[in-house]
Amino acid sequence: MKGDNHQPSLAAAAEQLSPPSPMSGSEKKQQQQHLSSDEEVCKPATSLGAGASESTRRGLKSRHAQMIALGGSIGTGLFVGSGQGLKMGGPAFLLVCYSIITLLLYGVATGVGEISAYLPVRGSGVAYYGHRFVSRSLGFTLGWLYWYIFSLGIAGEITITTIVIQYWESPVPTAAWYTIIAPLYFTNWAHPGPVNTYLVDGGVGRLCAFLGTLTFSVYAFIFAPEMLVATAGEMQSPRRNMPKATKRYFWRLVIFYLLGVLAIGILVRSDNAGLLSPGNTAAASPWALGIKAAGIPVLDSIINAVIVLSAWSTGNSFLYVASRALYSLALSGNAPRIFARCTKHGIPHYATALSACFAALAYMNLGSTGSVVFNWLVNIVNTGAFQSWICCCFIYLRFYKAAELQNVTVANGQLPYRSRFQPYAAWISGIVFSVLLLLNGFKVFVKGNWDTPTFITSYIGIAIFAALFLGHKFTIGRKDPWMVPLHEMDLYTGLEDVLAAELPPPPPIKWWQVWRILFE
């Protein structure tokens, strides 16, 4: 049944968000004594950690993993946010910037994909690998990072939904839309030109337009590689299928994203007043604007309605993943245990309630325009994405060196595959994303453009990351080394179970069945 396939994907997303570290028997017993009659500690398979015996089944195929990763990232960032990139930089810069981010994500996705192909233990994910291959403090920090970023994503989806709804010039007040929507979560290259200026005129303005478009475009790609890795624990024969998934995922990015923004640049002028930009109170998807400009009646409103439904669906997913992230943190002892409590129906209600509270941030739109609030939330989420991708590259480089040192190679049959262009791709991606992290709020440093809220939202994520990491390091992890020594890195625990679960390869595809590659 389709429903059976959907649940493992959501579970996989939740599992990646904190390093699995099940409570001891005495801790569980102590916790049970504090629970009321209608509550219990949830024990679904998704929370038991890597290698747990009562865990999810390996039923996902390569194509499922790719669609989960794309489905978790394709949304308002591409459908609506691309409009701001078009308005900011023009069609040429929009296409170039999406191409750059896609290439950089190749280094991230293939790196962590290589790790997950080698060691796809149940419950594994980026935070788990950070815990295992770098330090407990990094795993702890990434777990909390994913929780608060996905929680903020709920507010972002509500905000963009209300902006899109205003395209229909509805008489309903904005505050009313928030109140209605929040519970549900719970020839243009020639004129005006291929590139725009931004903030200032001239060559500097074009540079600002390029940097602004590049940093903003990241929102359309957030956490896609991490979602791909999260499926490894439930994938059939992951040591064979994960390499396929990472390679084909990159080409699907090219098809969906690059051809998509190319079409946007052709259909919609970058000076279209309906595009999302700071100061706008209403905006539409550039797809809807392009259809309207073509004179096709009604279809633009249908497309806009689809975008609203997409935002609702994405917001629901963010709430699910955020609540399960907090729940998983509580199970591993990295968050108050109250968040591990569930109803008798298996819902972590305290974790869900706290995560849903972030939706109230959407009401900031009542004091500022919706697009301004959306940009604040994008700044924070993008900072988290940059930090996550930098950590992905660092974790992979540590794994790469440890595998070399411990003679875990493709040649001796222990490593399933070695990604092309690695480790150089990871180095390049890590360095470029580090630079973009520092440039995330560059526009406030351009003369005459200082804006305190923009500065805070662009860089507060760095302070939060440092506070979480150092706070854990100098308290709970004070006796741990800053990084696990390469020769002591554990590359084998759980590997025996992974190898035992491998299935024989299917019959080779015949020449007349080449079309299947597109769907597998």
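Positions of Cβ are set from backbone N, Cα and C atoms, glycine also.
As recorded in TrEMBL:
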type	residues	note
COMPBIAS	26-42	compositional bias 'Basic and acidic residues'
DOMAIN	64-180	domain 'Amino acid permease/ SLC12A'
DOMAIN	186-482	domain 'Amino acid permease/ SLC12A'
REGION	1-42	region 'Disordered'
TRANSMEM	67-86	transmembrane segment
TRANSMEM	92-112	transmembrane segment
TRANSMEM	145-168	transmembrane segment
TRANSMEM	204-228	transmembrane segment
TRANSMEM	249-268	transmembrane segment
TRANSMEM	302-327	transmembrane segment
TRANSMEM	347-364	transmembrane segment
TRANSMEM	376-397	transmembrane segment
TRANSMEM	424-446	transmembrane segment
TRANSMEM	452-471	transmembrane segment
Practice problem: Mark yes when the transmembrane segment (92-112) and the transmembrane segment (424-446) have three or more Cβ pairs under 8 Å (sequence separation 6 or more) and no when they do not. | Solution: yes
Exercise. Find the member of 249-268, 302-327, 347-364 that has more C-beta pairs under 8 Å to the transmembrane segment (92-112) than any other listed stretch.
Key: 249-268
Exercise. Quick one: average pLDDT across the domain 'Amino acid permease/ SLC12A' (186-482), no decimals.
Key: 80
